[in-house]
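Taken from TrEMBL as is:
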type	residues	note
TRANSMEM	28-47	transmembrane segment
DOMAIN	28-150	domain 'MARVEL'
TRANSMEM	59-84	transmembrane segment
TRANSMEM	96-114	transmembrane segment
TRANSMEM	134-160	transmembrane segment
REGION	205-241	region 'Disordered'
COMPBIAS	230-241	compositional bias 'Low complexity'
Amino acid sequence: MSESEKQGKVLVLSRPVGWKGPLLAARVVRIAQFVFTVVTLGLTARAKDYFTGEPTADYGVAVSVMSLVYLIVIFCTSLFLGGYFMAGPILVCETLFLIFWLTAFVALAAEFGTGSCDSLYWGKSACQAAQASIAMAAVCMVLFAVSLVLLVLYTVIPVVRTLGSDRLWRRAAVMNASFDRGTGLLIYSAPAPVADPEIGVAADRQVTSSSGEPMEAEKAMEPADPLEPEPALTAPGTATQ
C-alpha cells in the first residue's frame, strides 16, 4: 500500500453508542492493576525491610514501582493526549511488564514459597508478607496479560489490517483516531458529527463550493410585472386639463 493510499484511508474502528464490553474491561483491568500493584509494593517492601539484602524482595519492589509509574503516566497522558499515542511503544511496554511480573512471580515463589512461617517468632509477619506477595505478583502477571490481549485485539490488529504495521509507530491522530482516555488500550476512529438535515445540506454546499468544483448557477430572478400607475387623485370640482 502506497503512502498516498494510506493517507486517504481512515481507520475503520468506531465506538458506537453502547460500546461497553471492551471499554469496561479495559478500565476494570487498569484499576485492578493499580490496586494490586500497590498491595504488592507494600508486601515486598515489608519483606525487604526484614530480609535485608535479599535481591528477590528488591526486585519485587522495583517492578512494583515501575508499574505504578507506568500506569500513572498512561492514565494522565491519555486523558489529554490520546491522539499522540502510538500503538507500537505501548505494545512494547505491555510486553515488558508482563515479562517483569512473570519473572517476579517466579523469583518470589522460589525464594519465599517453600517452608512455613509458623515456626518463626521474630519476623513472622515479614515472612507472611513475603509469601502473600507471591499471590499478588501472580495476579499482577495475569492482569498485565489481559491488558496485552486487549491491546492486541482492539488496537494492534485493527491498525495492521487497515493501514499496515508501519502505522504502529505513528501517532493516532495521523490515522484520524485516538486512544481511550485513562487506559491507553483501545483505539477508535473519530466519530463523524451528525448534523441537522438543513445544516447538513448547507455544509455540503459549502464543501462543494470550496472544493473548486463548479456550482450550479442560480436561477435568474424573473422580472415582475410592471405596475400600472395609480390614477391621480383630484379634489372635487377641480377640472382636469
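Cβ from N, Cα, C; glycine included.
When the stretches 28-47, 59-84, 134-160 are ranked by Cβ pairs under 8 Å to the transmembrane segment (96-114), first place goes to 134-160. Helix, strand and coil counts from DSSP across the domain 'MARVEL' (28-150) read 105 helix, 0 strand, 18 coil.
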